[in-house]
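Colleague: Submitted below is the structure of interest, expressed as structure tokens.
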């Protein structure tokens with residue numbers, strides 16, 4: 001590459017002539033094309049040697065054409081010496097993301113702990129190191145439903161509290177309460193099975209904040225071009241909790257007894273809650289480790305909303321067909337998801353006779369595959385541009401709902417020696433359900449935009465009904481845990497999911513509703529995941 005613009009005397013070469021002629025044409029527009037095209041190669045050579053000044057001019061032009069401009073530095077990698085009080089780095093938002101994801105995983109793991117330990121607590125096998133606790137099917141269902149009651153009671157107050165008091169104290173305090181309740185569950189179970197219900201209620205109260213917290217953290221800490229990354233990471237807490245809780249609970253049950261499951265989960269939650277309260281801040285503006293560079297990167301393009309824009313149009317939201325499509329779809333999916341998450345270990349152990357240790361290891365396969373499918377589907381949904389957005393929502397949600405229910409149906413016709421096929425069915429079922437992120441969940445962001453958190457708060461409320469109803473459905477239809485009894489359960493779940501998906505496909509939309517578009521914005525604007533929540537604390 002030529003880097004010096006000083007005059008050069010080029011050697012006689014026919015190969016240079018076309019280049020010089022080309023640049024003469026570019027730099028001297030008044031020159032006739034006819035004259036330029038009729039230049040003899042020997043004449044061109046003589047011109048080069050006799051007129052070095054012209055060559056200098058052409059070399060300068062060549063240099064300008066060939067010099068590659070330097071890439072502008074990433075503002076997030078700029079010097080941060082002028083930044084926050086502690087001047088740590090420009091990646092604080094990722095620490096916030098990781099800590100929040102771990103805390104959400106812990107909150108979900110506390111609620112899942114009973115799902116597995118109920119096998120150990122009621123088992124008479126030699127694998128159980130503690131005296132079994134007698135529990136009737138109704139008592140087990142009541143304990144299962146306890147977390148759902150806590151979610152129903154707390155989901156709306158949590159949204160209000162997060163909005164006005166901030167995530168740091170509200171969620172941090174709830175996670176500490178969940179840690180204490182989880183530790184106490186081991187003691188309360190020995191007093192009487194139903195004494196565990198209050199502990200389960202507290203666990204559910206903490207879990208009710210998961211979806212609103214996801215919206216809050218994504219809105220406050222994610223730059224607009226990283227919102228998808230934050231949502232995907234935070235929403236994976238459901239799968240991570242299963243991946244960690246099931247094998248850990250199995251190992252603790254077999255080696256140290258079922259009470260240790262509650263103690264270990266409670267201690268981990270307490271540690272994470274303290275870390276969350278210590279490091280988390282409701283806004284990057286309040287964090288001492290966030291420098292000016294990262295703050296500008298996170299908040300660029302953000303503007304303060306007017307009082308009218310901050311008002312929530314509840315009436316319009318509840319009168320929107322596309323919003324009801326989302327809620328109905330989540331209601332159907334909640335039945336399938338809760339059946340798998342709550343009762344897959346019970347089905348494998350009680351119905352098919354799989355050992356406790358093997359049940360714990362096997363139970364992590366479905367959530368692992370679901371997590372992988374969710375990641376791939378999220379990327380594929382954005383890359384597929386030759387299909388209309390509404391049709392994509394219908395296709396992905398249909399595969400999620402109908403596929404999940406259809407894969408559960410064979411479980412009602414298996415023999416005790418078909419445990420591998422049963423695990424395959426559970427894996428396919430919950431993997432299909434992972435596509436809901438590209439169906440009804442994506443529809444919520446497209447339809448509601450900056451009011452997505454309001455729609456998702458009702459979704460959290462709807463999920464509670466799945467947690468409440470599924471345990472009683474199972475205890476009523478399959479009290480003896482026989483394959484014939486479970487057959488009715490799987491058929492009913494399939495019908496519910498099939499109907500819910502049909503309603504979604506009929507009513508859904510991929511366009512933002514009028515109440516979701518701020519004044520002065522157009523429908524073509526990119527989807528925003530913004531929660532206008534700026535608590536002072």
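From the backbone N, Cα and C atoms, a Cβ is placed for every residue, glycine too.
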Colleague: Can you check which of 262-280, 281-299, 300-318, 509-527 TrEMBL lists as transmembrane segment?
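Modeller: It is 262-280 that TrEMBL describes as transmembrane segment.
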Colleague: For the feature transmembrane segment as recorded in TrEMBL, pick the matching range from 77-99, 100-122, 169-191.
Modeller: 169-191
Colleague: If you average the pLDDT over the domain 'Major facilitator superfamily (MFS) profile' (101-513), what number do you get?
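Modeller: Mean per-residue confidence for the domain 'Major facilitator superfamily (MFS) profile' (101-513): 85 out of 100.
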Colleague: So which of 262-280, 323-341, 361-381, 420-439 is most in touch with the transmembrane segment (169-191), counting Cβ pairs under 8 Å?
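Modeller: Looking at each of 262-280, 323-341, 361-381, 420-439 in turn, the most contacts to the transmembrane segment (169-191) are made by 262-280.
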